[in-house]
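Taken from TrEMBL, the feature coiled coil applies to 32-66. Annotation source TrEMBL lists compositional bias 'Basic residues' at 68-80. TrEMBL lists 83-99 with the feature compositional bias 'Polar residues'. As annotated by TrEMBL, domain 'Rab effector MyRIP/Melanophilin' applies to 9-82. According to TrEMBL, the region 'Disordered' annotation covers 66-99.
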Amino acid sequence: MYTWTGDELESKLRKLEQSAKNRFGGTTDSELSELEDVVALTAARVQSAESEVSDIESKIAALSAAGSKKKVSASHQRKKSTQDFPKTNGAQWKSNNIY
């Protein structure tokens, strides 16, 4: 692993500072303030969107859970309703209906 010397780090830092000054040196405080406002507004919008997504995911999960319970409940009701009536081959019905 390479270890930077103090002189190399200082030289690299000076180059980075000069590059930043060349690139952003003409930016006024007013422009920087406007950019900060835009960044803050964008961050707030992102946070709001994330919150909306979270709410939607929660609703989807709740609906999915309710749907699963409903399917289980409907299946249980079908099973229960068929169990309420004894299965016969019809002979009992015929024998009870003597005219």
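Start at 1 and count along the chain as shown; that gives each residue its number.
Here the Cβ of each residue, glycine as well, is placed from N, Cα and C on the backbone.
A description of the local structural setting of each listed feature is requested, covering burial, neighbours and distances.
Broken down with DSSP, the domain 'Rab effector MyRIP/Melanophilin' (9-82) shows 70 helix, 0 strand, 4 coil.
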Averaged over the coiled coil (32-66), what pLDDT does the prediction give?
93
